[in-house]
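Read through the structure below, which is laid out as structure tokens, and then see the notes.
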Amino acid sequence: MKITTLGYPRIGKKRELKKANEQFWAGKINEQELQTVASELKAEHWNIQKENLVEQPTSNDFSFYDQVLDLIVDFNCIPKRFQPIHHLSPLQKYFALARGYQDNELNINAMSMTKWFDTNYHYIVPEFYKKTHFKLSESPKAVQEYTEAKAIGIDTKVTLIGPLSFLLLGKEKEQGFHRLELIHQLKEEYIKLLNKLCDLGATEVQFHEPILAKDYNEEINFALKTVYNEFKKRASKINVCVVNFFDCYGDYLPTILQLPLSSLHLDLTRCGEQLKDVLSSQYLNNSLTLSLGVVDGRNIWKNDFKKSLQFISSAIDVVGKERIEISTSCSLLHVPYDLELEESSTKINQSIIPWLSFAKQKLQELKELQEIVESGSIYTHPLFIKNQEIIQSRKDSDQVHHQEVKNRVDTLIDTDALRSSPFKERKEIQKNILQLPLLPTTTIGSFPQTKEVRQQRNLFIKGKITKNEYDTFLKEQIKEAILFQEQIDMDVLVHGEFERNDMVEYFGEQLEGVTFSSFGWVQSYGSRCVKPPIIFGDVSRKKPMTVEWTSYAQSLTNKPVKGMLTGPITILQWSFVRDDQPRKTTCEQISLAIRDEVLDLEAAGIKVIQIDEPALREGLPLRKDAWEEYLTWAVNAFRISSCGVNDATQIHTHMCYSQFNDIIQHIANLDADVITIECSRAQMKLLDAFSDFRYPNEIGPGVYDIHSPNVPSKYDIIDFINKAKRRIPVDQLWVNPDCGLKTRGWKETKAALEVMVEATQKARELFEIAV
Ligand SMILES: CN1c2c(nc(N)[nH]c2=O)NC[C@@H]1CNc1ccc(C(=O)N[C@@H](CCC(=O)N[C@@H](CCC(=O)N[C@@H](CCC(=O)O)C(=O)O)C(=O)O)C(=O)O)cc1
Ligand SMILES: N[C@@H](CCS)C(=O)O
Ligand SMILES: [Zn+2]
């Protein structure tokens, strides 16, 4: 029984790739130096896999920015707007696709980014045209990496995103065709790639087709048959493995089992039931190897060997040990590197360390499972016994269970999730209190997290400056931010979130039942990483988390300052969560903690409170038949956190990276007084969802893109507001940027906000003339 892997994290255990990329972008290191960092990381990751008895580690799981972008480049599917940058080196051009390009003459928008399924990883979205013509690069990255590993004596399995997922994860940039129509030509280029790999000695290619975890579609099923049958016919020497993760194969299973594959991967952590279906299927042929994804690639809990061994044993009973491989459920991209780094950390709750497993430990778990199975005496094996003791210690721990938190959730009643009066009545009350002009202006919360802000925080954490000094520094930042917003005549102000390392980690650090790592970095997009909190027990709030900063900001101005909180669904979605109770229950506990904070902000005189929920959509189950259940509890969780306030307190929410058309009813059910949404890249398409639905509450469509340092023109913003006004009654509209400004510098932030407020003032004048 072999061990197989699906991909290793690539950012580096101390974020070496992040740092090298950023230095390269800043012109501080050259391409050769960056390549050296990359090669060292790849070699290190292959060697870790070898040490853990992975015979053939995976290659092509590395990426300088994103694995979908790698394919866009390798199949030459580069949008025409990038043609003028042919003078750049291939690597510079690659980064330009992801980050956009500006010089004195050119200003090219980056390709857009979106969430990779229900994860917090973002991929670059391929853009397709009717006439897109794929052409395999002379030196595809998969070939380079396979060769690079071979040169240091490591035979690898090559991972590739499969052709169906590559197409379906992209979007059509013109009407009148469906991107799946491009499959035949794309397939030809994949076949060329397979043959190239084969010529170099590669024996196995692992095609990741996570699109199969989504709803069944007849055309996709047909394409699946055609493509993989042809791979076998036209690249017959290479073994083809299909990998799906995050859910089961569903109705694709009969087709999948009839394909000429050498192995098939099953994510048994998300969908254990599928193993029975596979093992009992009439289509299971006697040469197919099953790759059992028993170790969770999406969470950080120590594997429960009992559960895994049950899967493994039942599969061995039917197909025999030789046809079984054990694996992680998905690529390890979504978990941090190495728990050993936390062992001397004063941040993490040390007593929960035995319960955890990061990427390196997950490989060790596979090795131990292999050893146990090969020993033949599973349940008496010392590794099994030790594992079960740890699993049991977590189940019984009083660190995990707190009766008063459970009681609070159990005694929630319907009215806890209801505002006192309907929106129409609240609107009038809030209007009288807040006295805001038509088209009120605001921002989403964060202001630039400058080097100085991060440095001061770092000095404070390392004990090099006192709490008093750090607080004084933060107050200075807040004061400057408030002054600036007053100067430009912004209507609803924010304090700037300078005290926060991250919008989720900051709250995680302050909640009971949650711990946080020192080095648990996970890539979110490009060089940006997050350190997801670890929710290990019943969650509650010890004391106010944000009131001091918001109150301080409010004390500096007569204008309303928005309290700024991260919502329960987003905290849940962007953390590593408990696997011993339903997500819904954990979410309800977080809702109550946020509710307490909302009420404390209200009691401190804060009149506007924003509860960010950018991850609401991302939390949707992959298959639509499970949406309703999720949306019902998720919306309710938001309402529990927001509905304790008086009618006079205005509740905002904010969402970004989302489409709303198919969940608009649930967005309305949140019953936030105001929702601000990312809108500028998708132009007004997003707003159409709200307008077609006749969305009843107030909306702030983002009027400019915060991902680019470009300062929007006044004309563009007025044009934007006009378009919005055509869709939504003007007394429902707010004006704001797409999202927070933490990744931007102050110079462009100030210029852009100034333009935004001026444009709004002009739009108000024009409106008054028109009426
Ligand atoms: C809105 N987004 C977010 C998502 N998920 C989150 N959890 N948070 C989000 O904001 N998902 C969707 C999007 C993704 N967008 C982003 C945008 C920006 C970042 C980002 O900037 N990440 C930072 C890390 C942020 C952080 O935690 N900083 C800490 C630590 C700073 C640090 O680097 N310290 C050094 C110490 C140096 C030393 O001298 O010792 C270190 O640890 O090496 C802080 O500010 O205190 C990033 O740099 O990638 C992420 C997602
Ligand atoms: N309040 C947060 C929301 C990001 S989605 C911010 O402004 O950064
Ligand atoms: Zn946002």
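Every residue, even glycine, has its Cβ placed from backbone N, Cα and C.
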Hey, TrEMBL has Zn(2+) 1 bound by His654, Cys656, Glu678. Any idea which of Cys587, Cys739 it lists too? Cys739
Listed alongside Arg15, Glu16, Leu17, Lys18, Lys115, Asn120, Arg528, Cys529, Trp574 for 5-methyltetrahydropteroyltri-L-glutamate in TrEMBL, from Glu480, Glu486, Glu618, is Glu618
Further L-methionine ligand in TrEMBL, beside Ile444, Gly445, Ser446, Asp612, within candidate set Glu404, Glu476, Glu497: Glu497
With the Cβ under 6 Å from ligand 3 as the test, give me the qualifying entries from the binding-site residues Arg15, Lys115, Asp612, Cys739. Cys739
In DSSP terms, helix, strand or coil for Leu17 (5-methyltetrahydropteroyltri-L-glutamate binding site)? helix
Is any of Leu17, Gly445, Ser446, Trp574, Cys739 (binding-site residues) within Cβ reach of ligand 2, i.e. under 6 A, and which? Gly445, Ser446, Cys739
Least Cβ-packed of the binding-site residues Leu17, Cys656, Cys739 (other Cβ atoms within 10 Å) is Cys656
What are the sequence-distant neighbours of His654 (Zn(2+) 1 binding site), meaning same chain, six or more residues apart, C-beta distance under 8 angstroms? Ile444, Gly445, Gln610, Asp612, Glu613, Pro614, Ile675, Thr676, Ile677, Cys739
Measuring Cα to Cα, how many angstrom lie between Ser446 (L-methionine binding site) and Arg15 (5-methyltetrahydropteroyltri-L-glutamate binding site)? 24
Which of the recorded positions Glu497, Cys656, Glu678, His707 has its Cα nearest to the Cα of Leu17 (5-methyltetrahydropteroyltri-L-glutamate binding site)? His707
